[in-house]
Amino acid sequence: MRALSNNSILNTKKFFLIYFFCIFLLIILFLYSLSLGPVYLSFEKVLQACFQSEDTFERRLIVETRLARTIMACLVGSSFAVAGVMLQSITKNPMACPSLLGVTQGAGLGIVVILALFPFCPLPVYLSCAVVGGIIASLLTYIVAVSVGISPLRLILAGQAINALLYALTQAILIFLPTRAGVILINLNGSVAGANWQQLTYVAPVLILLILIAIFNIKNLHILSFGKDVASSIGLRTEFLIAFFLFIIVLLCASSVSLAGPILFFPLIVVHFSKFVVGENPTHLLPFSIVFGAILMLFSDCLMRVVFANQEVPVGFFIALVGAPILILSSRMKRLLKNA
């Protein structure tokens, strides 16, 4: 009993140190992001602008042009991460990713259609089309999966089939409307460069609410991760919970895509790295993924702004570039640890 108690204390200290370090790193990246731009601001000036009430040039520069971008990067990163954790927990598939269910591609197609037909449409319409596109794509995926006998594997395969169809439709629009391809491609490659307060006003409350719902359902998510039979044996309404969690996942991804565009591999990278650090228990995995998702998105955006200082390069470019090697390395390390 004493050994178990000591192990529990050690684990608590370990998680506390991990969370403390990650939150500290997130704060540093947050401040660094506010300092970046055509006019570089030192950390001292950033802190002064944040904590002083005087209407200085630095304060206006941060509030009007940089703060929205930084908050959006954190929020989108955390939202994608939560969606990834929830999907892998309920499907018990380590390769499950929201982009494999057609949600990301569907939201992207919704953006493409509205930009192609109404390039100057009001922002609420633009955001709504992305969300509706993601919901329709996920429903199509679910219908196809049910028609062949739903299972975690068939759900992923159905999502891939819907992804291929939606990708073909997206490419067709780009081919037939080449004059608008430039604007559309920027929105399809994943970027937080166009962040503004109006976008955050509409979408941020929704994303925060969805993340809180996920946090309050960690216990149910943990039980579902053991399988439907275990969850049913203790009285949980598994079918309802799975449908509810899938709905939350769709809303998280579609809303995030409406802000930053599709960012492939991102949820998968965050979840795999988080599992490597804190394990597969959703009780620790979900909170850590929320923080690490914000860190990775913010780091990627800052890196692109430093490396390509004279132009805006979509953050999705960096994620796609490093995504495959990270996933390969993660899988190899897990295999080595199991064999050790």
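Backbone N, Cα and C atoms are what each Cβ position is placed from, and that goes for glycine too.
The range from 68-86, 315-333 that TrEMBL describes as transmembrane segment is residues 315-333.
Among the recorded stretches 15-34, 99-119, 125-153, 240-273, 285-308, the one sharing the largest number of Cβ pairs closer than 8 Å with the transmembrane segment (200-219) is 240-273.
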